[in-house]
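Data first, discussion second: the structure below is written as structure tokens.
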Amino acid sequence: MNIHEYQAKEILRKYGVPTSTGLVVTKTEKINETIDKLNTEVYVVKAQIHAGGRGKAGGVKVVKSKEEAKKVAHDMFGINLVTHQTGPQGQKVNRLYIESGCDILKEYYFSIVFDRSASCITFIASTEGGVDIEAVAEKTPDKIIKFSVDPATGLQDFHMRGIAYELGFKDNQAKQMKEIVKSVYNAFIETDAAQIEINPLIVNSDGNLLALDAKITFDDNGLFRHPNITAMRDHDEEDPLETRAANAGLSYVKMDGNIGCMVNGAGLAMATMDIIKLYGASPANFLDVGGGADRERVKEALKIILSDKEVQGILVNIFGGIMRCDIIAEGIIAAAKDIGIKVPLVVRLAGTNVEKGEEILSNSGLAIIPAHDLADAANKIVEAIR
């Protein structure tokens, strides 16, 4: 789960991380009133969307008067902001964060992530802050600093000292950086975060370190422990089909293709998407119904797939282990009769009760195309939509 910048800063401040502060606006009629509450020489108006690249896309504006800030805020509120992360459709700006500006002497990058390849928490830092860190890693990888934390021992003093040293901090600034490292680590662990990113972390004119922008992504599997964080969820920033799927206990990610996929198991789902590409089409979604899906969940999964107007055909690929193939077959038939599937539907079943499942499908009287293996299924669905 993602949250907005102003929410991320609120959490970080609770853990002792110094951040820039401001006021959030959620209604156009509150813009002037909110800006009047800020007494500053420089105003920073920031669009609040769940995507990076806001600055380059015009979603962050620095102005030097109240009237100019009000005009910029009114112009920005409600627009569709297109960044390199939103896609061409953009993301509607429903919230603004208005801050007091500050002098910046130097910008840094600092983040903490769970590194799945190394099976540990990793700090990533760079003296090149305020820019796309992926570009820095590609062009000047020597400027990327990494410190891994052994899960058996946790954060140690040498991690904090090392990060401060590698970033070139000394004396009081080194002490500040060590405290920030510790605070961010504690926030990461205690909130079940998947990533905390501060970009940029700045040194201001007073020589103090300050988080000027912040992003936090949470592990969805840990949200049940944090109702206060779950309450921060902004459904307007999420795909409505993905929200609907999550409420039904389904793992669904919308994609840009034309073949809808319903599969059980994340690995099998990715293999199914790969083979669809191999045979010349593109997957419209990732959808894992899980190992314990029942008839109603299968029915809802197909409804969600068909809610995507770009879907021209559906490939169902089920390996029946915990999931019985006859249950899948009954769900497919129920959905087909209920909503009327008007696109080609290819079904490949294997595993528990496969013969019974295939018999149910063949006796249904519906135009369901059976497949014997994954390659056969991919070939048939691609041919069916041509």
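Cβ from N, Cα, C; glycine included.
The annotation ATP binding site is assigned in Swiss-Prot to Lys46, Gly53, Arg54, Gly55, Glu99, Cys102, Glu107 on the grounds of sequence analysis. Its own atom aside, the Cβ of Glu107 (ATP binding site) has 17 Cβ atoms within 10 angstroms in the protein chains shown. According to its DSSP assignment, Glu107 (ATP binding site) is in a strand.
Here Swiss-Prot flags Asn199, Asp213 as Mg(2+) binding site. Cβ environment of Asn199 (Mg(2+) binding site): Tyr109, Phe110, Ser111, Gly129, Gly130, Ile133, Asp213, Lys215 lie under 8 Å away, each six or more residues apart in the same chain.
The substrate binding site annotation in Swiss-Prot covers Asn264, Gly321, Ile322, Met323. In three-state terms derived from DSSP, Ile322 (substrate binding site) belongs to neither a helical nor a strand segment and is classed as coil.
Positions annotated as domain 'ATP-grasp' by Swiss-Prot: 9-244.
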Going by C-beta under 8 A and a gap of 6 or more residues, the same-chain neighbours of Arg54 (ATP binding site) are Lys46, Ala47, Val60, Leu81, Thr83
Please report the distance from the Cα of Glu107 (ATP binding site) to the Cα of Ile322 (substrate binding site), rounded to the nearest angstrom.
52
Would you say which of the binding-site residues Cys102, Ile322, Met323 has the most Cβ atoms within 10 Å of its own Cβ?
Met323
Note down the number of other Cβ atoms within 10 Å of the Cβ of Gly55 (ATP binding site), including every protein chain shown.
16
Least Cβ-crowded entry, counting other Cβ within 10 Å, from the binding-site residues listed as Gly53, Gly321
Gly321
